[in-house]
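Novice: Pulled these features from TrEMBL for this protein:
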type: ACT_SITE; residues: A:GLU291; note: active site, 5-glutamyl coenzyme A thioester intermediate
type: BINDING; residues: A:GLY266, A:VAL267, A:GLY268, A:SER269, A:VAL270, A:ASN381, A:GLY385, A:LYS405; note: CoA binding site
type: DOMAIN; residues: A:11-214; note: domain 'Acetyl-CoA hydrolase/transferase N-terminal'
type: DOMAIN; residues: A:328-465; note: domain 'Acetyl-CoA hydrolase/transferase C-terminal'
Protein chains: 2
Amino acid sequence: MEKDLSQFIRNKAFLDKIVSAEEAASWIKDGMNLGMSGFTLFGEPKVFPKALSERGKKEKFKVNVYTGASLGPAADQAMAEADIVNLRVPYQANPVMRKKINSGEMYYIDQHLSHTAEEVRKGTLGKIDYAIIEAAAITEDGLIIPTGSVGNSPIFVEKAENVIIEVNISAPRAYEGLHDIFIQKEQGERKDIPLYKVDDRIGEIGIRVNPEKVRGVIISEEPDIPSPLLEPNEETQAIADHLIDFLNKEVEEGRLPISLAPLQSGVGSVANAVLKNMKDAQFRDVVVHSEVLQDGIFDLIDAGIVKFASGTAFSLSKKRVDSLAEDLEKYKGKIMFRPQEISNNPEVIRRLGVISFNTALEVDIYGNVNSTHVSGTHIMNGIGGSGDFARNARITIFVTPSLAKGGAISAIVPFVSHVDHTEHDVDVIITEQGYADLRGLPPVKRAEKIIEIAHPTYRPQLRAYFEEAKEKVGGQTPHILEKAFSFHQHYKEKGTMLFEQPEEVK
Amino acid sequence: MEKDLSQFIRNKAFLDKIVSAEEAASWIKDGMNLGMSGFTLFGEPKVFPKALSERGKKEKFKVNVYTGASLGPAADQAMAEADIVNLRVPYQANPVMRKKINSGEMYYIDQHLSHTAEEVRKGTLGKIDYAIIEAAAITEDGLIIPTGSVGNSPIFVEKAENVIIEVNISAPRAYEGLHDIFIQKEQGERKDIPLYKVDDRIGEIGIRVNPEKVRGVIISEEPDIPSPLLEPNEETQAIADHLIDFLNKEVEEGRLPISLAPLQSGVGSVANAVLKNMKDAQFRDVVVHSEVLQDGIFDLIDAGIVKFASGTAFSLSKKRVDSLAEDLEKYKGKIMFRPQEISNNPEVIRRLGVISFNTALEVDIYGNVNSTHVSGTHIMNGIGGSGDFARNARITIFVTPSLAKGGAISAIVPFVSHVDHTEHDVDVIITEQGYADLRGLPPVKRAEKIIEIAHPTYRPQLRAYFEEAKEKVGGQTPHILEKAFSFHQHYKEKGTMLFEQPEEVK
Ligand SMILES: CC(C)(COP(=O)(O)OP(=O)(O)OC[C@H]1O[C@@H](n2cnc3c(N)ncnc32)[C@H](O)[C@@H]1OP(=O)(O)O)[C@@H](O)C(=O)NCCC(=O)NCCS
Ligand SMILES: CC(C)(COP(=O)(O)OP(=O)(O)OC[C@H]1O[C@@H](n2cnc3c(N)ncnc32)[C@H](O)[C@@H]1OP(=O)(O)O)[C@@H](O)C(=O)NCCC(=O)NCCS
């Protein structure tokens with residue numbers, strides 16, 4: 001390491017605490033609760049979890065790992081492979097870890113992302129033995145400057161008995177000034193979150209830490225981890241088009257101004273396609289109040305469509321990671337990261353009147369949404385912030401291609417095999433077939449609209465279910481319980497949800 | 001009418017607008033949207049809906065009826081019987097109306113009670129043609145003083161094209177001063193709801209109305225409608241005992257002070273039993289931040305346990321209705337009613353850190369809750385405010401007797417036939433068998449706890465399902481979809497959920 005560390009660790013007390021990752025890892029005891037920075041691969045400690053995982057290969061111990069959201073290969077995957085995780089909270093998205101969870105080899109609590117900080121505050125998850133936080137710098141007065149995410153780091157630092165800071169000297173210097181760290185008091189002792197406009201600064205640029213709790217400072221040079229860039233395909237493009245159509249109609253009918261309302265977009269291919277599409281849309285001076293900021297945001301700022309974007313984390317492709325240092329300078333004052341407790345807070349989302357769109361795994365004919373469980377049992381990632389936004393948004397949109405697995409699965413089913421979002425919280429559903437605007441409709445009228453945006457091959461069998469349910473059972477929400485999972489059942493037995501192969505498949 | 005009306009209608013402009021209920025009813029046109037006051041039988045207009053229903057017997061028309069929550073015999077039942085309701089929003093609890101909804105003769109949108117005002121503001125429910133509001137008085141400067149509920153009256157009055165005020169001259173005069181009417185601006189233009197302590201006064205004592213919109217004033221003398229008093233039985237008593245045990249443990253372990261945290265309690269027999277039980281508990285200076293205030297509150301104030309209670313409506317027995325005029329004087333300054341958008345607002349519930357308990361119809365082994373749909377299809381009442389509280393509370397508790405229909409139904413099932421509250425939002429479940437504290441537990445560990453509080457006759461078959469699901473299917477949330485509704489199926493076919501009659505039933 002050639003660089004002058006005092007440029008990064010500008011407070012002497014912290015310079016004295018530098019230790020190796022191995023040493024820090026050796027402090028961790030079996031059964032401890034670790035609070036780690038990191039959210040969608042960005043901002044996670046990288047050398048500490050690797051060292052801990054290495055230790056795990058030689059020594060038998062398990063820890064509980066709490067984070068902002070998903071960590072990457074150096075953390076979630078390494079720890080899962082080393083088999084050192086007992087319980088993981090509140091979100092993950094790593095294939096290796098996912099497998100361990102679904103095979104029962106480790107525990108996982110899938111939690112609303114705005115709830116975790118409250119759970120830590122209340123002690124429901126036990127005390128935090130160690131907080132391990134990636135930092136771009138430690139300031140003169142001892143503030144920890146986060147890197148590409150804030151997540152739950154502030155609450156972990158506040159509540160932890162010990163803090164380990166992983167200073168990443170390869171992180172862009174311009175991270176400093178990008179964050180807005182606002183800490184809430186206990187429930188019952190707090191006032192409001194004074195965030196009235198998306199670009200209001202309400203907190204400090206870094207995380208305040210009691211220096212006495214800082215047991216070690218680790219130096220890292222591991223770069224930010226890029227996410228795969230998901231280029232739009234025909235399907236995601238069509239979904240994006242319908243979404244823009246829907247928003248255009250809202251503007252035309254006077255329900256939204258040309259600046260829309262603060263936007264939240266989920267992660268993944270559809271979200272990226274939408275952001276791409278927006279470049280050619282009529283919207284102007286849009287603000288973004290999201291969880292994750294993806295590549296598309298920068299282009300929209302360049303195009304003059306978005307004027308300010310806040311979130312709790314980046315999720316960027318290789319191209320953007322490579323130019324991040326310059327970009328952070330370029331977009332200074334137009335981007336801000338807050339704790340996920342603030343970005344995802346019901347108070348803020350509802351006050352601002354966010355328009356939210358997230359991806360569903362499956363949706364049922366009444367508009368209940370499964371975001372997490374394949375076949376109702378095996379977790380994909382987790383609910384993430386989708387519930388925080390869905391419940392409190394001004395308009396709640398879920399998007400999904402109408403088919404999965406090459407047509408063997410219909411994303412629209414009679415009854416979702418797992419419910420993450422109830423019909424009460426879902427306003428609009430979009431597939432490549434079109435959009436179903438469910439606002440102001442009772443269940444049986446919702447079903448009519450939803451069946452219309454199923455794939456044509458599945459519409460007949462969905463309609464048959466719905467008609468039979470209305471006729472034979474009736475009620476506010478007609479169902480035939482013994483056939484509610486007949487699509488899933490058919491898929492399990494025959495490898496397809498399609499009851500009969502149609503003559504001509506569209 | 002012997003009374004001097006100018007005592008009640010203290011602004012001359014309104015005195016000039018007195019009309020008969022029949023005349024006011026004649027203004028209503030087919031297809032109109034009516035916003036009515038009223039919540040759990042209290043504070044609803046009484047003579048207007050009756051007159052409208054009478055007109056409906058002679059003339060064919062339908063209206064959409066939006067309210068705070070459930071109305072009583074004079075309104076919901078009369079209108080359902082006269083068949084004049086096309087769509088009802090957001091809650092009802094009347095047996096006659098329920099039947100019409102479930103038979104498909106009328107539409108019903110079952111909505112989070114904190115959401116309706118936003119929907120009206122956004123226009124999702126169309127414009128409000130008439131607001132019909134019961135009042136205890138109209139003040140000199142034209143404020144409408146509500147009676148025993150606030151509900152959605154403020155937003156209806158604000159947004160309606162026309163307002164009809166039903167002044168109830170038999171209502172206690174002491175209603176004046178009991179209300180705290182705070183109006184929010186549009187999303188994106190509002191600041192916070194400045195309610196930091198339950199007893200903060202943040203608004204006016206009445207609803208401001210543009211006098212030009214007031215088309216008529218009707219005089220009524222119909223008394224408040226009492227709710228049936230539900231005396232505790234052995235079962236509800238046992239549930240109440242477990243709830244108090246749970247709270248005691250929270251206090252003992254230092255997670256709650258002796259004043260607990262603001263309490264919300266659902267309506268019905270269990271809620272009443274809990275309130276009764278609390279009289280002998282150790283808690284002191286408790287505040288209540290609830291939706292509905294029932295009889296028990298007064299006794300708790302008398303006992304020095306509760307020091308302040310806020311809600312959006314009363315739900316009182318005959319005994320309390322009879323003494324209401326004196327009671328309102330006696331409890332002045334200790335009781336307050338706010339719009340349901342405020343009482344049930346996520347911002348407020350989360351900030352205050354409310355402890356919430358509500359009743360479930362059924363609960364599944366992972367802690368998902370059905371509050372609304374019998375057998376997944378037929379609506380009972382609606383989700384009401386249970387979701388507003390469950391999602392945002394500090395501790396979310398659902399209570400239910402472990403059995404229904406004399407043991408033919410287990411309230412604990414493998415998979416709930418309708419999901420109103422997902423496992424993410426449920427912390428504790430209580431039956432007469434005990435409590436299951438699910439906080440900090442992953443799904444498979446939740447199931448262990450929940451099966452233990454099922455009725456002993458059902459535990460073996462629940463355990464058999466769970467073990468088979470873990471073994472044969474596995475995953476984060478093990479299920480066997482083809483058997484998920486086997487309990488419901490058995491009930492439908494055999495009249496009981498019990499697969500085998502046990503030798504000796506406890
Ligand atoms: C739902 C979610 C998994 C979709 O992600 P995505 O990358 O857009 O989805 P994909 O279309 O690539 O599907 C992912 C996988 O699920 C499979 N899948 C999709 N729908 C399915 C269904 N109904 N049944 C079974 N499998 C399905 C796909 O085939 C694909 O499988 P593969 O990885 O084996 O190819 C993802 O958005 C998510 O985790 N959401 C929950 C959290 C959230 O909403 N966060 C937003 C931030 S607030
Ligand atoms: C869930 C709810 C219906 C329970 O009400 P309650 O009066 O305590 O319940 P009861 O035990 O009397 O049950 C009501 C009926 O449902 C039946 N029932 C209960 N559990 C059942 C089940 N699992 N399956 C089928 N029927 C069931 C009972 O037998 C009873 O039927 P009956 O009227 O024919 O005798 C009621 O609390 C409710 O509507 N909740 C939703 C709204 C809410 O929570 N509001 C709270 C304010 S924030």
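Using N, Cα and C of the backbone, Cβ positions are placed for all residues, glycine too.
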Novice: Taking helix as H, G and I and strand as E and B in DSSP, count the residues of the domain 'Acetyl-CoA hydrolase/transferase C-terminal' (A:328-465) in helix, strand and coil.
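Specialist: Helix, strand, coil within the domain 'Acetyl-CoA hydrolase/transferase C-terminal' (A:328-465): 44 helix, 37 strand, 57 coil.
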Novice: Secondary structure at A:SER269 (CoA binding site) (DSSP, helix/strand/coil)?
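Specialist: Note: A:SER269 (CoA binding site) is helical by DSSP.
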Novice: Work out how many Å separate A:GLY266 (CoA binding site) and A:GLU291 (active site, 5-glutamyl coenzyme A thioester intermediate) at their Cα atoms, rounded off.
Specialist: 8
Novice: If we check Cα distances from the residue listed as 'active site, 5-glutamyl coenzyme A thioester intermediate', which of the binding-site residues A:GLY268, A:SER269, A:VAL270, A:GLY385 wins as closest?
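Specialist: Answer for the nearest of the binding-site residues: A:GLY385.
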Novice: Take the Cβ of the residue listed as 'active site, 5-glutamyl coenzyme A thioester intermediate' and count every other Cβ within 10 Å, whichever protein chain it belongs to.
Specialist: 31
Novice: Among A:GLY266, A:VAL267, A:GLY268, A:SER269, A:VAL270, A:ASN381, A:GLY385, A:LYS405, which the record lists as binding CoA, how far apart in Å are the two most distant Cα atoms?
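Specialist: Output for CoA binders A:GLY266, A:VAL267, A:GLY268, A:SER269, A:VAL270, A:ASN381, A:GLY385, A:LYS405: max Cα distance 26 Å.
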Novice: Whose Cβ, among the binding-site residues A:GLY266, A:GLY268, A:GLY385, has more other Cβ atoms within 10 Å than any of the rest?
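Specialist: Max Cβ neighbours within 10 Å, all protein chains included: A:GLY385.
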Novice: According to DSSP, does the residue listed as 'active site, 5-glutamyl coenzyme A thioester intermediate' sit in a helix, a strand, or coil?
Specialist: coil
